[in-house]
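Feature annotations, reproduced from TrEMBL:
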- Asp171: active site, proton donor (ACT_SITE)
- Tyr266: active site, proton acceptor (ACT_SITE)
- Arg94, Asn148, Arg286: substrate binding site (BINDING)
- Cys170, His201: Mn(2+) binding site (BINDING)
- 196-418: domain 'Glycosyl hydrolase family 4 C-terminal' (DOMAIN)
- Glu110: site 'Increases basicity of active site Tyr' (SITE)
Amino acid sequence: MLQKQSILIAGGGSTFTPEIVLLLLERQADLPLKELKLYDNDAKRQAIVGEACALLVKERAPEVMFSYTTDPKEAFSNIDFVMAHIRVGKYAMREQDEKIPLKHGVVGQETCGPGGIAYGMRSIGGVVELIKYMEQYSPNAWMLNYSNPAAIVAEATRRLCPTSKVINICDMPIGIEENFAAILGLPSRKELDIRYYGLNHFGWWTSIRDQEGKDLMPEIQEYTKKHGYLSPQLASDPHLDASWRETFEMVKDVATLDPTTLPNTYLKYYFYPDRVVAHSNPHHTRANEVMEGREKRVFDECQRLVAQGHAKDTHFEIGAHASYIIDLARAIAYNTKERMLLIVENRGNISNFTWDAMVEIPCLLGANGYEPLHVGAIPTFQKGLMEQQVAVEKLTVDAWIEGSYLKLWQAITMSKTVPSADVAKAILDDLITANKEYWPALK
Ligand SMILES: NC(=O)c1ccc[n+]([C@@H]2O[C@H](COP(=O)([O-])OP(=O)(O)OC[C@H]3O[C@@H](n4cnc5c(N)ncnc54)[C@H](O)[C@@H]3O)[C@@H](O)[C@H]2O)c1
Ligand SMILES: O=P(O)(O)OC[C@H]1O[C@H](O[C@H]2[C@H](O)[C@@H](O)[C@@H](O)O[C@@H]2CO)[C@H](O)[C@@H](O)[C@@H]1O
Ligand SMILES: [Mn+2]
């Protein structure tokens, strides 16, 4: 009989919460629940999601205790896991992260370039605060963090919370591997034996084999040359947002830079920043698409359920994409030694890369944490790109810790998406104005 787990979702007002709650309720055979709590620092926003989730739990698993709160002690006491997906500044600030760089002719993106740097300067304080609450009220708990920008957050947790029980993860490789499986006609990404390395949102697959060891890369690369990662299923998905369709299609160009690997979709912002800017609408970015799409859909559905008083006909679907969260919690709770891509300190696993960089590589995960798999030396092309990008991430954390304007200017100047220190400074000064409520004071 598996021991029941008590789980706190930090960022309870997240657009992803209802589907993750449904997933947790649906997967109790693999991860039985004792209690499920939501925590947020925006009571009004969270209450809308919390009341709807209360109906989902009551109708699907009445034996599971459910509550939501803005009180840290109530939230973080007596829990086994914190699943953290906060967005400091919410979508209003994501919109600024995306539009301010575009105003200066530079890539405007949630986690990449100056937008990602600005987001990182907001997220560090919020995630560290969650870790401190967890350690204060449930010192044996683990944090499964996928609050973005995961690269900068992971570097900050390495520096500021070096002994904390925090696992940083991203679902982009997982989503792409599901596309690989679809392209290959396989039932799931779990059929694939992969090798991957990089930084978060900045990596490459170097090997994809089936369970018998057959090399599947050539078949995927052949498909990708024509269609990118737009699998037949995705291509016919009426709900696929235009910007994601474009991103998956553009992989066919991103992949040409190294025909021996397969790239993470995010590399497009670094290889083709000029094309991305030319295809961007500076007045209507991804943040607007999500506010008009997912955020509106999720909150409308929450309010519909609460108004009718039941969730029997809910439009919410089980967040299959988030199944990695179950894998993560199971691995730690039941010592399954699951192999997962995690964002961890390099420590020589990429043997010719920065020792203390936070890299995204395959790890074995169990009750006592993770054991990274050795990658070995990487080629000059990837090494050069990663050294530049990891310097951006490290300088951003330096700037947050030291309150340093200069370090943040260096970080933005260092980004491959920014053409000059003049442009970097103009963007930085606009971001400082927009983030005065969120960033530490810079001198
Ligand atoms: N790592 C990944 O692969 C991955 C995938 C999807 C989403 N995400 C991340 O998950 C997070 C949530 O995404 P979303 O689109 O649902 O955002 P959202 O804005 O809908 O929800 C985020 C919630 O966090 C709350 N919040 C903000 N600051 C907080 C703080 N200091 N303490 C407690 N709560 C706080 C907000 O009030 C909001 O309710 C984002 O960081 C997003 O980038 C990561
Ligand atoms: O623009 P958004 O908010 O829709 O997505 C930004 C996030 O994109 C990735 O997460 C995707 C995931 O890759 C995909 O498979 C599916 O599950 O949706 C997720 C959210 O859209 C990326 O990994 C995240 O870091 C981004 O925040
Ligand atoms: Mn991600």
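Just so you know, glycine gets a Cβ as well, placed from its N, Cα and C.
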With an 8 Å cut-off on Cβ-Cβ distance and a minimum sequence separation of at least 6, pull the same-chain contacts of Glu110 (site 'Increases basicity of active site Tyr'), or say none.
Arg94, Asp97, Glu98, Gly116, Tyr119, Asn148, Pro149, Arg286, Ala287
Rounded distance in angstrom between the Cα atoms of Cys170 (Mn(2+) binding site) and the residue listed as 'active site, proton acceptor':
12
According to DSSP, does Glu110 (site 'Increases basicity of active site Tyr') sit in a helix, a strand, or coil?
coil
Consider only the recorded positions Arg94, Glu110, Cys170, Tyr266, Arg286: which of them have a Cβ under 6 Å from an atom of ligand 3? Write none if no residue does.
Cys170
Of Asn148, Cys170, Asp171, Tyr266, Arg286, recorded positions neighbouring ligand 2, Cβ under 6 A:
Asn148, Cys170, Asp171, Arg286
I want to check the contact list for the residue listed as 'active site, proton acceptor': same chain, sequence separation of six or more, C-beta distance under 8 angstroms. What comes out?
Thr111, Cys112, Met172, His201, Phe202
Select, from Arg94, Cys170, His201, Tyr266, Arg286, each of the recorded positions with a Cβ positioned under 6 A from at least one atom of ligand 1; if none does, say none.
Cys170
Tertiary neighbours of Asp171 (active site, proton donor) (same chain, Cβ under 8 Å, six or more apart):
Tyr146, His321, Ala322, Tyr324
Measure from the Cβ of Arg286 (substrate binding site) and count the other Cβ atoms within 10 Å, all protein chains considered.
23
Express the predicted model's confidence over the domain 'Glycosyl hydrolase family 4 C-terminal' (196-418) as a mean pLDDT, rounded to an integer.
97
Starting from the Cβ centroid of Arg94, Asn148, Arg286, the recorded substrate site, name every other residue in that chain with its Cβ within 8 Å, sequence order please.
Arg87, Tyr91, Asp97, Glu98, Gln109, Glu110, Thr111, Gly115, Tyr119, Ala287, Val290
Record lists Arg94, Asn148, Arg286 as binding substrate; longest Cα-Cα distance in Å?
15
For Tyr266 (active site, proton acceptor), the three-state class that DSSP assigns:
helix
What does DSSP say about Cys170 (Mn(2+) binding site): helix, strand or coil?
coil
